[in-house]
Structures are given as structure tokens and as C-alpha cells.
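Q: Here it is, the structure in full.
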């Protein structure tokens, strides 16, 4: 009995030991995971706190795009933080030291007691751009696998460690290739001082009086098209003064454009990075400047197409879409070389029938085109689908695929048939007899529907010349979605209804889809009147060649 009791006791002890070890084997990984998670969240909190308080434009990345070295400890790093303005790269553990030790690009110079007209280079050591050359010996920089060589954050010149001499550290910076586009920090500090003293003679300030100075303001919509805006913001901040670069998701164009009032009259250029909708938003803000009496500060507008359609950009020679194939430096060169032209802007007034005229008419501003019919229906379906699931529409290819789907569906259903029986069309007060149509398109620019020259059609028959600055609108009809597709691939001509200074369209019955510059809605019986509103000052880039231009040249 005693032996049986001792055996049971030893089994109980063994069971307890097994239970304890099992519990430890389960709890230990859980505790280690929880501790690591706590440390990670604490570290992320500290990093976010540094990012928030810092004057640097810090961003965190899990993998650098090129071999990188920490600017503090000089160790090779795969991940860490980088500054979007000055280009510093640093490991996670050295972030606080780097933030305290190194200055970022200053948008304004600190008070020096006078009115400076120059500033020294701002050198950053290491991580120089690939294929950059030393300004002293003209040999390639950054070839050694370590933290080496220097780069000026303003002029972008690079210098070898052994070529860096004391005179270069104190030498005045020339601002490099883009000196005519950059707003120097000393200029803004002088202007700020003059404003405090209530003086407005800005033209006496250097570089205001520089002959070819044409400062550029970059307005980027980070939500446009293929979501490249975020990357472009950083690249433009690296090459220009960060005060010149604005994110339109954080600041409205009207506020950003007030910078023009501190710059030379009729010399500022604005680069809009976004789709045609973003361009229209900026042009509306420029119209507001005219109303405020700031007409002499009106800038000229260039476009970097990030949207889906980009018909206005295509018309002005900036291409049908940007996917990073052109370096940012070349984009700035194109902006410098572009020629100024005018663009007609039109007022579209939609007055509902009935209601004893108690409702105010809807008023839109048109830059590209107005339409009623199948293309407006496709835009309306696309818009409704995007409102429900916006995360699916982050790619230009997906957007066009959805348009294709709704266009194919309309070929089978024909929701807009017998349009000619539902509407009346007047061009400059003259009634137009309509053939059997499903859609009517009123054009201000050469391109429509994502790159189609609809007014030209196949180009096998004579047609009146169309321009975007002649005060005339081109009006065409289409027989349906399939006809639109045929015109897109140059297998059919549109029904050319005429050109006019004023277009009036009366929807007599039923509800029809309409759109102005890609903004669609469903409209009941109404009268649509399109009249000239104003001109916009745009920039035309003659170097860009579209697919249609290339094919016509080869023919």
C-alpha cells in the first residue's frame, strides 16, 4: 500500500511538471510575441513623434530602391527613413540623431540682418544619385560601396570626398540647371521683411529682376489616376524649393495660388499633376483670382497627366498619360521650353422645365466637352461604381476596362435610342434637323473619350478646321456605343452637325444621362445653354507626339 501511494504521488508530480512545461511552452511564445509587439508599437510611436516634430519631410520605407548608407553611422541599410526634401537616409536607430544633427532645406533664410542676394551650397554626404559626376574632376561619383561623396540639395551638384575643398563649402550656390524655376530662400525672406514694412516694390528684389526667371508652382493631386502623385511630390521637392510644391489633397488650389502674388507678374508657371478634373479645379481657382483683381498675377498652366482620360493634356501636347517613364528633370525642362497659348472656357447652364422657374439653374464650367447619350451613360455607370468601391479604381487600366464593360453592355441594351425624337438642337439660334441618333457631343478640344479625334473621324473627307482658342464649339452626333467604338479605331466618321459660338439643347421628355468634362448626372426635361465664358492661359508642349500624330506622319 505504501509503494502504491508513493507511485501515485510520483505520477501526480510528473503530471504537474508536464502541465507546467506545457503551460510554459504555450505562454512563453505568446509573451515573447506580445513583448515584441509592444516594443514595435512603442518604436513606431517614437518614430511618428519624431516625424511629426521634425523640420525634415521624413518617410519610412521597408526597402530602399538603391544601395543606401546611414548618414550617421555610415552602415549599409536596407530599410529606414529618408527625407523627401533633402534626401537624407538613415537607419531606424539613428533617426533621432540625424534629425538633430542635420538641417533640411530651408524654404526661407534665417535673419541675417540685411537683404541677402545669395546663399552657400547645402552639402549632404553620401547616397548621391547614380551616374552623377563630380563638379571638380568630372569623374563619376558614388562608385564606392560606402558612405562617400557630397551632393548640394539645391543645385544637385556632386563632389568627391577628396575633391571637396574649403572654398566649395563657402561658395555661393548657383541653383544649377533649374535656377530659373526655383524660388530661392533668400528671396522669400526678403519679401517677408518687405511685407512687414508694408513695401510692395518686389521687382527690385533679386532674382525678381533676373531676365529669364519663371518660377514654377507644382500642384499635385495624390488621388488621381494611378496614384503616382505621392512619389512625384517628393521628387519635385528634391529639385525645387519645398514651398513651391503643394498636395491638393491637403490644400485647395485657391490658397496655393496666392504664392503667385509674391512673384513676378505674368511670369509664373503652374504644373498641375492630375487628371482633367484636377486641371479644371485649378482653372476655376485662377478665375477666382481674376474676380479678386489679381489678374496681373495669373500663371500659365502646364499638365502632367495622371488621370484616366487626359484629353485636355493630350490636346496640349503633354501626352495621354504619365506612368513614370519620363524623369522629373525632363518634365521641368519641358515646362521651361513650353509655349503659351489660350484655351476657351465655356459656361454650361442647365435650366429645368416646370417648377414655375423656382429652382436655380445648374451652372458648370466646361473645358473639354459636353455630351448627352451613350458616353455620358458609361461615365455615369462608372462614377456610381467608383463611389461604391473606390479602392478598386486605383489603376488607369482597370478604369478603362470598366468603361469598356459598360460600353459593351450599352451596345446590347441601347438605353439612349431615339434621342433625336427627345431633343431639339439650336446652333447660334438656328434649329438643326437631327438624323436618327443616340448621342450628341459638344467639343471644345481636339481629343475626346481618352484619345480619340472624333471631329476628324477617319480623315477621309473634308471638314472645317477646329481649334481650342477660336471661340467656336464643334457639335457631332453618334448612332450608339458601337459607332463610338468604330470612331475610336478610325473605322467610321461622326455625324458632323456643325460649329457654333452658342449651343442650345432642349430635352423635351424622359430622363437622359449628361456629362460635362467627365462629371455625369441623370437629367430630366430641361434646356442646356452653352456660351463662351473666358480664356485660360495654358502651356503647349510641342515635343510630345501622340499615337495619332505618329500614325499620320507614317502615312
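For all residues, glycine too, the Cβ spot is worked out from N, Cα and C.
Please treat TrEMBL annotations as automatic predictions, because they have not gone through curation.
Checked TrEMBL, it gives:
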TRANSMEM  18-38  transmembrane segment
DOMAIN    55-104  domain 'Phorbol-ester/DAG-type'
DOMAIN    120-173  domain 'Phorbol-ester/DAG-type'
DOMAIN    211-352  domain 'DAGKc'
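Help me understand the surroundings of these features in the structure.
A: Mapped onto DSSP helix, strand and coil, the domain 'Phorbol-ester/DAG-type' (55-104) counts 7 helix, 14 strand, 29 coil.
In the domain 'Phorbol-ester/DAG-type' (120-173), helix, strand and coil residues by DSSP number 5 helix, 13 strand, 36 coil.
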Q: Please compute the mean pLDDT of the model over the domain 'Phorbol-ester/DAG-type' (55-104).
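A: Over the domain 'Phorbol-ester/DAG-type' (55-104), the predicted model scores a mean pLDDT of 92.
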Q: For the transmembrane segment (18-38), could you work out the same-chain residues 6 or more beyond its ends whose Cβ comes under 8 Å from its Cβ atoms?
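A: Distant contacts of the transmembrane segment (18-38): none.
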